[in-house]
Amino acid sequence: MLVIKTFQIFTLALILTLILTPMVKKIALRVGAIDIPDARKVHKTPIPRMGGLAIFWGFTAAVLLLLPIDQKVLAILAGSVVLIIFGILDDVYSLNPKVKLLGQIMAAVIPVAFGIKVNYVTNPFGGLIWLGDASYFLTIFWIVAIVNAINLIDGLDGLASGTAAISAVFIGIAALTRGNEFAYYAAIALTGGALAFLKFNFNPAEIFLGDTGSMFLGYCLGILSVLGTAKSPTLISIFVPVLVMAIPIFDTLFAILRRFFAGRPIFKPDKGHLHHCILDLGYSQRKTVLIIYLLNILLGIVALYVNLLTFTQAALLILIILAAITFGAQKIGVLGESLSKGKTIINN
(Lines of atoms letter the chains of each structure in order from A; the text may use other names.)
(Lines give C-alpha, C1' and ligand atoms only; values in the text may rest on other atoms or scores of the structure.)
Protein backbone atom coordinates (compact mmCIF):
# COMPACT_ATOMS: atom_id res chain seq x y z
CA MET A 1 0.00 0.00 0.00
CA LEU A 2 2.80 2.41 0.91
CA VAL A 3 4.65 1.77 -2.36
CA ILE A 4 1.50 2.08 -4.48
CA LYS A 5 0.39 5.33 -2.85
CA THR A 6 3.93 6.74 -3.04
CA PHE A 7 3.96 5.99 -6.78
CA GLN A 8 0.51 7.53 -7.29
CA ILE A 9 1.29 10.78 -5.47
CA PHE A 10 4.73 11.17 -7.03
CA THR A 11 3.46 10.43 -10.54
CA LEU A 12 0.44 12.75 -10.32
CA ALA A 13 2.53 15.69 -9.09
CA LEU A 14 5.20 14.93 -11.71
CA ILE A 15 2.84 14.64 -14.69
CA LEU A 16 0.74 17.68 -13.77
CA THR A 17 3.85 19.83 -13.32
CA LEU A 18 5.24 18.60 -16.66
CA ILE A 19 1.97 19.55 -18.39
CA LEU A 20 1.48 22.87 -16.61
CA THR A 21 5.00 24.32 -16.82
CA PRO A 22 4.81 25.23 -20.55
CA MET A 23 1.44 26.88 -19.86
CA VAL A 24 2.88 28.86 -16.96
CA LYS A 25 5.77 29.91 -19.21
CA LYS A 26 3.28 31.45 -21.65
CA ILE A 27 1.44 33.19 -18.81
CA ALA A 28 4.71 34.58 -17.43
CA LEU A 29 5.63 36.05 -20.82
CA ARG A 30 2.16 37.55 -21.19
CA VAL A 31 2.13 39.27 -17.78
CA GLY A 32 5.76 40.41 -17.94
CA ALA A 33 7.21 38.07 -15.32
CA ILE A 34 10.62 38.05 -16.96
CA ASP A 35 14.07 37.89 -15.36
CA ILE A 36 16.34 40.48 -16.96
CA PRO A 37 20.11 39.80 -16.81
CA ASP A 38 22.33 42.11 -14.74
CA ALA A 39 25.88 42.17 -13.37
CA ARG A 40 25.05 39.84 -10.47
CA LYS A 41 23.13 37.23 -12.46
CA VAL A 42 24.69 34.41 -14.42
CA HIS A 43 22.22 34.12 -17.32
CA LYS A 44 22.75 36.36 -20.36
CA THR A 45 19.28 36.53 -21.93
CA PRO A 46 15.83 37.44 -20.54
CA ILE A 47 14.06 34.33 -19.20
CA PRO A 48 10.46 33.99 -17.97
CA ARG A 49 10.05 33.34 -14.26
CA MET A 50 7.08 32.47 -12.02
CA GLY A 51 7.54 28.80 -12.97
CA GLY A 52 6.95 27.66 -9.41
CA LEU A 53 3.25 28.19 -10.05
CA ALA A 54 3.26 24.89 -11.96
CA ILE A 55 4.85 23.06 -9.01
CA PHE A 56 2.26 24.60 -6.69
CA TRP A 57 -0.62 23.35 -8.85
CA GLY A 58 0.90 19.87 -9.23
CA PHE A 59 1.61 19.58 -5.51
CA THR A 60 -1.79 20.92 -4.43
CA ALA A 61 -3.70 18.63 -6.78
CA ALA A 62 -1.79 15.56 -5.55
CA VAL A 63 -2.45 16.47 -1.90
CA LEU A 64 -6.14 17.28 -2.35
CA LEU A 65 -6.92 14.26 -4.53
CA LEU A 66 -4.87 11.55 -2.83
CA LEU A 67 -4.42 12.47 0.85
CA PRO A 68 -6.85 12.77 3.78
CA ILE A 69 -7.83 16.40 4.31
CA ASP A 70 -8.26 18.06 7.70
CA GLN A 71 -8.01 21.58 9.09
CA LYS A 72 -4.23 21.48 9.37
CA VAL A 73 -3.82 20.40 5.75
CA LEU A 74 -6.15 23.17 4.60
CA ALA A 75 -4.20 25.64 6.75
CA ILE A 76 -0.95 24.58 5.06
CA LEU A 77 -2.51 25.05 1.62
CA ALA A 78 -4.05 28.39 2.63
CA GLY A 79 -0.64 29.65 3.73
CA SER A 80 0.87 28.50 0.44
CA VAL A 81 -1.80 30.42 -1.49
CA VAL A 82 -0.86 33.61 0.39
CA LEU A 83 2.79 33.05 -0.47
CA ILE A 84 2.01 32.28 -4.12
CA ILE A 85 0.10 35.58 -4.42
CA PHE A 86 3.02 37.56 -3.01
CA GLY A 87 5.41 35.58 -5.21
CA ILE A 88 3.47 36.35 -8.38
CA LEU A 89 3.30 40.04 -7.47
CA ASP A 90 7.06 40.06 -6.85
CA ASP A 91 7.84 38.26 -10.11
CA VAL A 92 5.75 40.74 -12.07
CA TYR A 93 6.26 44.00 -10.16
CA SER A 94 9.39 43.41 -7.98
CA LEU A 95 8.00 44.05 -4.49
CA ASN A 96 9.84 45.88 -1.75
CA PRO A 97 11.72 43.29 0.38
CA LYS A 98 9.83 44.40 3.50
CA VAL A 99 6.48 43.80 1.79
CA LYS A 100 7.65 40.38 0.66
CA LEU A 101 8.78 39.56 4.22
CA LEU A 102 5.34 40.56 5.49
CA GLY A 103 3.79 38.11 3.04
CA GLN A 104 6.11 35.35 4.24
CA ILE A 105 5.16 35.97 7.87
CA MET A 106 1.45 36.04 7.01
CA ALA A 107 1.78 32.70 5.22
CA ALA A 108 3.70 31.12 8.11
CA VAL A 109 1.22 32.32 10.75
CA ILE A 110 -1.70 30.39 9.22
CA PRO A 111 -0.46 26.79 9.74
CA VAL A 112 1.14 27.70 13.07
CA ALA A 113 -2.20 29.10 14.28
CA PHE A 114 -3.73 25.70 13.52
CA GLY A 115 -1.24 23.86 15.70
CA ILE A 116 1.63 23.04 13.37
CA LYS A 117 4.48 23.94 15.70
CA VAL A 118 7.19 22.45 17.90
CA ASN A 119 5.74 22.33 21.42
CA TYR A 120 8.61 20.74 23.34
CA VAL A 121 11.90 18.87 23.10
CA THR A 122 13.45 16.33 25.41
CA ASN A 123 16.09 17.41 27.86
CA PRO A 124 19.17 15.18 27.32
CA PHE A 125 19.56 15.17 31.11
CA GLY A 126 15.99 14.01 31.67
CA GLY A 127 12.44 15.29 31.28
CA LEU A 128 10.93 17.65 28.72
CA ILE A 129 11.61 21.26 27.82
CA TRP A 130 8.26 22.93 27.11
CA LEU A 131 8.49 25.90 24.77
CA GLY A 132 5.16 27.48 25.68
CA ASP A 133 4.22 30.58 23.70
CA ALA A 134 7.76 30.72 22.33
CA SER A 135 6.82 27.75 20.13
CA TYR A 136 4.69 30.06 17.96
CA PHE A 137 7.47 32.54 17.34
CA LEU A 138 10.18 29.91 16.89
CA THR A 139 8.14 27.95 14.34
CA ILE A 140 7.19 31.08 12.37
CA PHE A 141 10.84 32.16 12.40
CA TRP A 142 11.93 28.72 11.16
CA ILE A 143 9.44 28.68 8.27
CA VAL A 144 10.31 32.23 7.17
CA ALA A 145 14.03 31.44 7.47
CA ILE A 146 13.73 28.39 5.19
CA VAL A 147 11.62 30.38 2.70
CA ASN A 148 14.42 32.93 2.44
CA ALA A 149 17.18 30.31 2.42
CA ILE A 150 15.75 28.56 -0.64
CA ASN A 151 15.07 31.93 -2.24
CA LEU A 152 18.68 33.03 -1.80
CA ILE A 153 20.25 29.93 -3.37
CA ASP A 154 18.07 30.26 -6.46
CA GLY A 155 20.96 31.70 -8.45
CA LEU A 156 21.81 28.99 -10.99
CA ASP A 157 19.70 26.93 -13.38
CA GLY A 158 18.17 24.03 -11.48
CA LEU A 159 19.89 24.76 -8.17
CA ALA A 160 16.93 25.63 -5.94
CA SER A 161 14.50 23.16 -7.50
CA GLY A 162 17.02 20.29 -7.35
CA THR A 163 18.10 21.14 -3.82
CA ALA A 164 14.46 21.29 -2.73
CA ALA A 165 13.76 17.90 -4.33
CA ILE A 166 16.73 16.27 -2.58
CA SER A 167 15.82 17.86 0.76
CA ALA A 168 12.20 16.76 0.39
CA VAL A 169 13.29 13.14 -0.13
CA PHE A 170 15.28 13.07 3.11
CA ILE A 171 12.63 14.95 5.08
CA GLY A 172 10.08 12.46 3.77
CA ILE A 173 12.19 9.48 4.84
CA ALA A 174 12.72 10.99 8.29
CA ALA A 175 8.97 11.65 8.59
CA LEU A 176 8.16 8.07 7.64
CA THR A 177 10.49 6.68 10.31
CA ARG A 178 8.51 8.72 12.84
CA GLY A 179 5.16 7.51 11.57
CA ASN A 180 4.01 10.80 10.03
CA GLU A 181 2.48 9.58 6.78
CA PHE A 182 1.07 12.94 5.70
CA ALA A 183 4.48 14.64 5.89
CA TYR A 184 6.01 11.72 4.00
CA TYR A 185 3.45 11.74 1.18
CA ALA A 186 3.46 15.53 0.93
CA ALA A 187 7.26 15.45 0.66
CA ILE A 188 6.93 12.88 -2.14
CA ALA A 189 4.47 15.17 -3.96
CA LEU A 190 6.88 18.07 -3.60
CA THR A 191 9.71 15.91 -4.93
CA GLY A 192 7.66 14.92 -7.97
CA GLY A 193 6.77 18.52 -8.77
CA ALA A 194 10.31 19.82 -8.29
CA LEU A 195 11.86 17.04 -10.41
CA ALA A 196 9.35 17.64 -13.21
CA PHE A 197 10.19 21.34 -13.19
CA LEU A 198 13.90 20.48 -13.50
CA LYS A 199 13.20 19.32 -17.07
CA PHE A 200 12.62 22.97 -17.95
CA ASN A 201 14.86 24.58 -15.33
CA PHE A 202 18.16 22.70 -15.59
CA ASN A 203 20.90 24.42 -17.58
CA PRO A 204 20.15 25.88 -20.06
CA ALA A 205 16.90 26.91 -18.37
CA GLU A 206 13.74 27.67 -20.32
CA ILE A 207 11.99 29.13 -17.27
CA PHE A 208 12.92 30.11 -13.71
CA LEU A 209 11.17 29.31 -10.45
CA GLY A 210 10.86 32.99 -9.66
CA ASP A 211 10.03 34.04 -6.12
CA THR A 212 6.70 32.31 -6.69
CA GLY A 213 8.50 28.99 -6.81
CA SER A 214 11.46 29.45 -4.51
CA MET A 215 9.29 30.81 -1.69
CA PHE A 216 6.71 28.05 -2.16
CA LEU A 217 9.38 25.33 -2.06
CA GLY A 218 10.95 26.88 1.05
CA TYR A 219 7.56 27.18 2.73
CA CYS A 220 6.74 23.52 2.09
CA LEU A 221 10.16 22.35 3.29
CA GLY A 222 9.83 24.47 6.43
CA ILE A 223 6.36 23.11 7.21
CA LEU A 224 7.20 19.48 6.42
CA SER A 225 10.38 19.58 8.49
CA VAL A 226 8.33 20.73 11.48
CA LEU A 227 5.73 18.01 10.93
CA GLY A 228 8.08 15.19 10.08
CA THR A 229 11.33 15.80 11.93
CA ALA A 230 11.53 18.77 14.28
CA LYS A 231 8.14 17.95 15.84
CA SER A 232 9.66 14.77 17.25
CA PRO A 233 10.42 15.32 20.94
CA THR A 234 14.05 14.19 20.83
CA LEU A 235 16.57 17.02 20.96
CA ILE A 236 18.80 15.51 18.28
CA SER A 237 15.88 15.24 15.84
CA ILE A 238 15.80 19.04 15.67
CA PHE A 239 19.16 18.92 13.91
CA VAL A 240 17.90 16.55 11.20
CA PRO A 241 16.23 19.27 9.07
CA VAL A 242 19.17 21.60 9.76
CA LEU A 243 21.55 19.02 8.27
CA VAL A 244 19.20 18.11 5.42
CA MET A 245 18.94 21.79 4.42
CA ALA A 246 22.41 22.81 5.64
CA ILE A 247 23.48 24.23 2.28
CA PRO A 248 20.71 26.84 1.91
CA ILE A 249 20.64 27.52 5.67
CA PHE A 250 24.36 28.16 6.06
CA ASP A 251 24.64 29.94 2.71
CA THR A 252 22.02 32.37 4.02
CA LEU A 253 23.69 32.70 7.43
CA PHE A 254 27.09 33.32 5.86
CA ALA A 255 25.55 35.87 3.47
CA ILE A 256 24.14 37.83 6.42
CA LEU A 257 27.49 37.74 8.26
CA ARG A 258 29.45 38.56 5.11
CA ARG A 259 27.36 41.62 4.33
CA PHE A 260 27.17 42.81 7.94
CA PHE A 261 30.93 42.70 8.52
CA ALA A 262 31.54 44.33 5.15
CA GLY A 263 29.27 47.21 6.15
CA ARG A 264 26.68 46.44 3.46
CA PRO A 265 22.89 46.10 3.87
CA ILE A 266 22.16 42.44 4.65
CA PHE A 267 19.28 42.38 2.14
CA LYS A 268 21.41 43.73 -0.71
CA PRO A 269 22.30 40.89 -3.14
CA ASP A 270 25.93 40.08 -3.87
CA LYS A 271 28.03 37.48 -5.69
CA GLY A 272 29.44 35.77 -2.61
CA HIS A 273 27.07 32.82 -2.37
CA LEU A 274 28.31 29.24 -2.47
CA HIS A 275 27.39 28.78 -6.13
CA HIS A 276 29.19 31.99 -7.11
CA CYS A 277 32.34 30.88 -5.28
CA ILE A 278 32.32 27.44 -6.93
CA LEU A 279 31.85 29.09 -10.33
CA ASP A 280 34.87 31.29 -9.55
CA LEU A 281 36.93 28.10 -9.12
CA GLY A 282 36.42 27.46 -12.83
CA TYR A 283 33.51 25.03 -12.82
CA SER A 284 30.66 25.30 -15.32
CA GLN A 285 27.08 26.03 -14.25
CA ARG A 286 26.11 22.39 -14.63
CA LYS A 287 29.09 21.05 -12.68
CA THR A 288 28.57 23.63 -9.94
CA VAL A 289 24.95 22.60 -9.51
CA LEU A 290 25.86 18.89 -9.54
CA ILE A 291 28.55 19.48 -6.88
CA ILE A 292 25.99 21.17 -4.64
CA TYR A 293 23.50 18.34 -5.28
CA LEU A 294 26.15 15.83 -4.17
CA LEU A 295 26.91 17.81 -1.01
CA ASN A 296 23.17 17.99 -0.30
CA ILE A 297 22.81 14.21 -0.66
CA LEU A 298 25.79 13.52 1.62
CA LEU A 299 24.40 15.84 4.30
CA GLY A 300 21.00 14.17 3.98
CA ILE A 301 22.55 10.75 4.56
CA VAL A 302 24.39 12.08 7.61
CA ALA A 303 21.13 13.57 8.91
CA LEU A 304 19.44 10.17 8.81
CA TYR A 305 22.48 8.50 10.38
CA VAL A 306 22.45 10.96 13.29
CA ASN A 307 19.17 9.45 14.49
CA LEU A 308 20.92 6.13 15.07
CA LEU A 309 23.51 7.60 17.44
CA THR A 310 23.51 8.40 21.13
CA PHE A 311 23.16 12.04 22.12
CA THR A 312 26.90 12.41 22.78
CA GLN A 313 27.89 10.73 19.51
CA ALA A 314 25.39 12.77 17.50
CA ALA A 315 26.45 16.05 19.14
CA LEU A 316 30.11 15.33 18.38
CA LEU A 317 29.37 14.46 14.74
CA ILE A 318 27.25 17.59 14.29
CA LEU A 319 30.02 19.78 15.73
CA ILE A 320 32.54 18.22 13.33
CA ILE A 321 30.22 18.84 10.37
CA LEU A 322 29.58 22.45 11.41
CA ALA A 323 33.33 23.02 11.73
CA ALA A 324 33.90 21.47 8.29
CA ILE A 325 31.18 23.65 6.73
CA THR A 326 32.66 26.81 8.27
CA PHE A 327 36.21 25.87 7.23
CA GLY A 328 35.11 25.07 3.68
CA ALA A 329 33.16 28.31 3.41
CA GLN A 330 36.20 30.26 4.59
CA LYS A 331 38.51 28.52 2.11
CA ILE A 332 36.43 29.21 -1.01
CA GLY A 333 35.39 32.73 -0.03
CA VAL A 334 31.75 32.36 1.03
CA LEU A 335 32.51 34.22 4.27
CA GLY A 336 33.92 37.18 2.34
CA GLU A 337 37.24 38.94 2.77
CA SER A 338 36.43 40.59 6.10
CA LEU A 339 35.58 37.40 7.97
CA SER A 340 38.16 35.29 6.13
CA LYS A 341 40.89 37.61 7.35
CA GLY A 342 39.50 37.57 10.88
CA LYS A 343 38.41 41.20 10.94
CA THR A 344 35.66 42.14 13.33
CA ILE A 345 35.66 45.89 12.87
CA ILE A 346 34.98 47.36 9.48
CA ASN A 347 36.00 50.88 8.63
CA ASN A 348 33.85 52.27 5.85
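Keep in mind that glycine also has a Cβ here, set from the backbone N, Cα and C atoms.
Feature annotations, reproduced from TrEMBL:
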- ASN151, ASP211: Mg(2+) binding site (BINDING)
- 6-24: transmembrane segment (TRANSMEM)
- 50-67: transmembrane segment (TRANSMEM)
- 73-89: transmembrane segment (TRANSMEM)
- 127-147: transmembrane segment (TRANSMEM)
- 159-176: transmembrane segment (TRANSMEM)
- 182-200: transmembrane segment (TRANSMEM)
- 207-228: transmembrane segment (TRANSMEM)
- 234-257: transmembrane segment (TRANSMEM)
- 289-308: transmembrane segment (TRANSMEM)
- 314-334: transmembrane segment (TRANSMEM)
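When Cβ-Cβ distances below 8 Å are used as the criterion, the transmembrane segment (207-228) is approached by residues 21, 24-25, 28, 33, 35, 47-53, 55-56, 59, 76, 79-80, 83-84, 86-88, 90-91, 100, 104, 107-108, 111, 116-118, 139, 142-151, 154, 160-161, 164, 167-168, 171-172, 174-176, 178, 180, 182-184, 186-187, 190, 194, 197, 200-201, 240-241, 244-245, 248 of the same chain, each at least six residues removed from its ends. The stretches the transmembrane segment (50-67) and the transmembrane segment (182-200) are in mutual contact, each linked to the other by at least three Cβ pairs under 8 Å (pairs 6 or more apart in sequence). Looking at 6-24, 127-147, 314-334, the range that has the most CB pairs within less than 8 A of the transmembrane segment (289-308) turns out to be 314-334.
Same-chain residues lying 6 or more positions outside the transmembrane segment (159-176) and placing a CB less than 8 Å from one of its CB atoms are 55, 150-151, 153, 183-188, 190-191, 194-195, 197-198, 201-202, 209, 213-214, 217-218, 220-221, 224-225, 227-229, 237, 240-241, 244-245, 247-248, 275, 289, 292-293, 296-297, 300-301, 303-304, 307. Within the chain carrying the transmembrane segment (182-200), a Cβ under 8 angstroms from the stretch's Cβ atoms is held by residues 5-6, 9-18, 21-22, 25, 51-52, 54-56, 58-59, 62-63, 66-68, 73, 158, 161-162, 164-165, 168-169, 171-173, 175-176, 206-207, 209, 213, 217, 220-221, 224, 227-228, all 6 or more beyond its ends. Proximity of distant same-chain residues to the transmembrane segment (6-24), defined by a Cβ-Cβ separation under 8 Å and at least 6 residues beyond the stretch ends, is recorded for 50-51, 53-55, 57-59, 61-62, 65-67, 185, 188-193, 195-197, 199-200, 207. Using a 10 Å radius centred on the Cβ of ASP211 (Mg(2+) binding site) and all shown protein chains, the other Cβ atoms total 27.
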